[in-house]
Structure formats: structure tokens, C-alpha cells
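Undergrad: Pulled the feature table from Swiss-Prot, pasting it below:
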type: COILED; residues: 164-197; note: coiled coil
type: COILED; residues: 237-264; note: coiled coil
type: COILED; residues: 354-412; note: coiled coil
type: COMPBIAS; residues: 218-232; note: compositional bias 'Basic and acidic residues'
type: COMPBIAS; residues: 266-276; note: compositional bias 'Low complexity'
type: COMPBIAS; residues: 277-290; note: compositional bias 'Basic and acidic residues'
type: MOD_RES; residues: Ser41; note: phosphoserine
type: MOD_RES; residues: Ser85; note: phosphoserine
type: MOD_RES; residues: Ser88; note: phosphoserine
type: MOD_RES; residues: Ser96; note: phosphoserine
type: MOD_RES; residues: Ser123; note: phosphoserine
type: MOD_RES; residues: Ser143; note: phosphoserine
type: MOD_RES; residues: Ser147; note: phosphoserine
type: MOD_RES; residues: Ser224; note: phosphoserine
type: MOD_RES; residues: Ser272; note: phosphoserine
type: MOD_RES; residues: Ser275; note: phosphoserine
type: MOD_RES; residues: Ser333; note: phosphoserine
type: MOD_RES; residues: Ser336; note: phosphoserine
type: REGION; residues: 208-244; note: region 'Disordered'
type: REGION; residues: 266-320; note: region 'Disordered'
Amino acid sequence: MSPLECSECFGDQLMHRTYTWHLTLHSRPNFTRKREIRSESLEIPINVILPQRGTEPFLRLHNLYTTPRCSRQAAMPRISRRVASQHSYPLNRFSSMPFDPMERPTSQADLELDYNPPRVQLSDEMFVFQDGRWVNESCRLQSPYFSPSSSFHHKLHHKRMAKEYLLQEENKSLRDENRALRDENKALRKENKILQVFWEEHKVTLGHEESQTSSPLLHKDTTSQEVVKKDNATLPAQRSKENTLQFIREENRALQQLLEQRQAYWAQAEESATSAEEGKPTSSPKEEPHNSGLLPDQSTSHSSHFEEPKASPTTQEDSKTLRALREMVTNLSGPSGEEEGKAGPNLTDSAQPLQLLREMNQALQALREENRLLQEENRALHAMREEHRVFQEENKALWENNKLKLQQRLVIDTVTEVTARMEMLIEELYAFMPAKNNKDPKKPSRV
């Protein structure tokens, strides 16, 4: 039922003054046989409604029927004839002058009509035309003369709830992202600390190794295998890798120098041997055992001519250099004094430095591969740090944007509230101002 059919159902939306008179009708007393006097009385309430907005007053008699006229009246308890009904129609209207000439004319809200104000959407804000001005729909104040329908309130409530839900979801996602960034930052800090510790240890080991490089190369060649074994057994994985890499490099250098020296000695020995063969083509059998310390590249006839006691001074010098070379090889490969007369052990002793060199080269290649992998991991770590820094900047920008949005909302709310209060105060001032020639005064411009 519309508000015109049952106007008192929407009494909370009407802004008027109501005066009620109760008329009581008494009937004549009836005398019964039992000498009892009975009199009947009927109360009729009369309401005179005086609206506040310059409308005509009208008289309203309450309904005397007990049948409900609307859904709200049907839900109320049934009353007797003596109790006044609270629903009626306007029975009579009479014209008269408005009680307050300064009041404005009747609006649609005063007539209890369904009124949907015009709306305009600018960017993501909705504005409503209310009381002669455009007001933001999310933060506007309800006017006492404006009573929108229930569907309008329902839609507005749902819009506000949807906006709040979106803001909550956005804040939740930002919190989750911030938490993930914090965890990633903690992990990166831990990795940075570990890398710093490794770098300090690497510096210490490099300084220790540089101090050890002052010792002679031959002494290092003889003790390199034992030092490598001890380091692999005692030091941790990282230290052992770095130490073995450095030791292998030093051993490779020493072995290269040793091979160059041996090649030079072998070239000199071959030249002297060719010159001796031209002088004496035959060799004595007593000088064969002295050939045990030479490498397989040298023949037995060459060694016999170098070790003759009655040879020329050049051959004696060559024999001295070969003996020194033999001692260096024996120190590098180990003592072999008992096996000097056999050819098989001499071959194994001469092949040991080459085998050691091959193993060292293999270890060096493996360590180079590990170093390359570590460098790739370091590059990936730097890339992750850069991404983390970019994420932190984006998170900071989002946080500042949300902060500015909240500040803008607060400013808009305060401005609308202040303007609404100023308008209410202006209207109250107009109400207290005296009338001049029964004309409405002009309103000053809004601040």
C-alpha cells in the first residue's frame, strides 16, 4: 500500500505537528429489570495536522472500523471500539494561510511520494542532487526533509559494504605481500652474512698462503702431497677447496719450472753424448750400473761416457748436472736407493711426477667448474637483491597511495559535514528572523 493510502505507516518520514482531540459520545442511561443503570460511551479521536512546510492544514478522523487497511495495521494487535484506531484517511481539507510565511513550499518528501534524486558519477565517486546541491553519496548527511525509499537505502548500504570489502581485500593482499617481502629480506640478510663470513675466511687463507710462498720451490714439491692430504682431512669443505686450489696452482708452477730445467739438461746431455760417440763409439761394461737414476729418454751408452773418471772437463760438468737432476727426481718421487740396479722401478719412479701432474690438473679443472657455479649463484643472488629492492619501492609507493586516499576521504567527510552544519545553522537563523512584507528573504551566498 502506498503512503497516500496509509499515511500514518510512514509517520517517521513526515515532519509535521499533530494535535489530537478526543470526542466522547455518551448515550442515555438504560434501566434494566434488575434496576441496573447502563450507559454507553464512544470516544472518537480527531487529529489536526499542521505541516512545517507551508502546506495547508487538514483534519483527520481516525478509522472506526476494526479491519486493517495496510500490512502494518494488520500486524498490530486488535483493539476495541473504545480505543482509538491509528489509521485513517484525510477526510477533509480546508484552505488557509500558511502558519509560517518564511517556510518553503511543500516538497515531494512531505507529500510522502517515492522520490529518487538524480545521480552523476565522476571517476569513481557518485554524487546525488539533494536539497539544491550535489552531495557525495558515500558521505552525505540525510536531510530531515528528504526520505528516500527503502530500495534506495538498500542499494546505498550494499554499495558501501562492497567498497569496504574491496578496501579490506586490498589491505589484506598488501599485508600478505609485505609479509612475503619481509621473509625474503630476512633470507637475503642471512645469505649476505654467510657470504661475508666466507669472504673473511678467504682473505685469511690468502694471506696465510702468501706468507708461505717465501719458502723454496723444491721443498714445496717434496711436501705438497702430505700437505694436501692433511688439509683434506682437517679443514672444512670450503677451506679445503680453496687451499687445494692454491696448492695445485703452486705445484703446477713448480712442476713446469722443473720440467723446463730437465728439458734443458736433457738437451745438453744429448749434445754431449753425440760429441762423445764421435770420439769413442764403444763403451766399457763396468759403467752400466750408473744408468739406473736416468729417465728412459737416455740410453746406456750416453750415461757411461758421462761418468768416466778420465773424461774431458766438459763431460765431468755434464755428469755433475745429471747427478743433481737425479737427486731432484728422487726427492720428488721418493727414495729408491735399493732399486738403482733395476730398470722397472726406474720407469715407475720417472712416471710418478707425470701422474701427479695429471691428477692435479683434473682437480684444478673440477675446482674451476665449482668456482664458475659459485659465480653464477652470486650473480643470481645479486639479481634477487635487485628484484627485492624494486618490490620494496613498489610496496612503499602503494602504502603512500593508500595513505593519501585515506587523507582525501577524511578531508571530504569533514568538508561535507561542515557545509551541512552551516546550512542547518543558516536555516535556523532564517526561522528566527522576522517576516518583512510577507516575502521570503534572499539567502546569502554559500561559503
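Each residue, glycine too, has its Cβ placed from N, Cα and C.
Source: prediction; values computed, not measured.
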Undergrad: Near the coiled coil (164-197), which residues from the same chain, at least 6 beyond its ends, have a CB less than 8 A from one of its CBs?
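TA: That would be 378, 381, 384-385, 388, 391-392, 395, 398-399, 402.
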Undergrad: Distance between Ser272 (phosphoserine) and Ser123 (phosphoserine) at the Cα atoms, whole Å?
TA: 102
Undergrad: Name the secondary structure element type, per DSSP in three states, that contains Ser275 (phosphoserine).
TA: helix
Undergrad: About how far apart, in whole Å, are the alpha carbons (Cα) of Ser123 (phosphoserine) and Ser275 (phosphoserine)?
TA: 106
Undergrad: As a test of reading the model: what is the averaged pLDDT for the coiled coil (354-412)?
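TA: Taking every residue in the coiled coil (354-412) and averaging pLDDT yields 90.
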Undergrad: For the modified residues Ser123, Ser272, Ser275, which one has its C-beta crowded by the most other C-beta atoms within 10 angstroms?
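TA: Per the Cβ count, the most surrounded site is Ser272.
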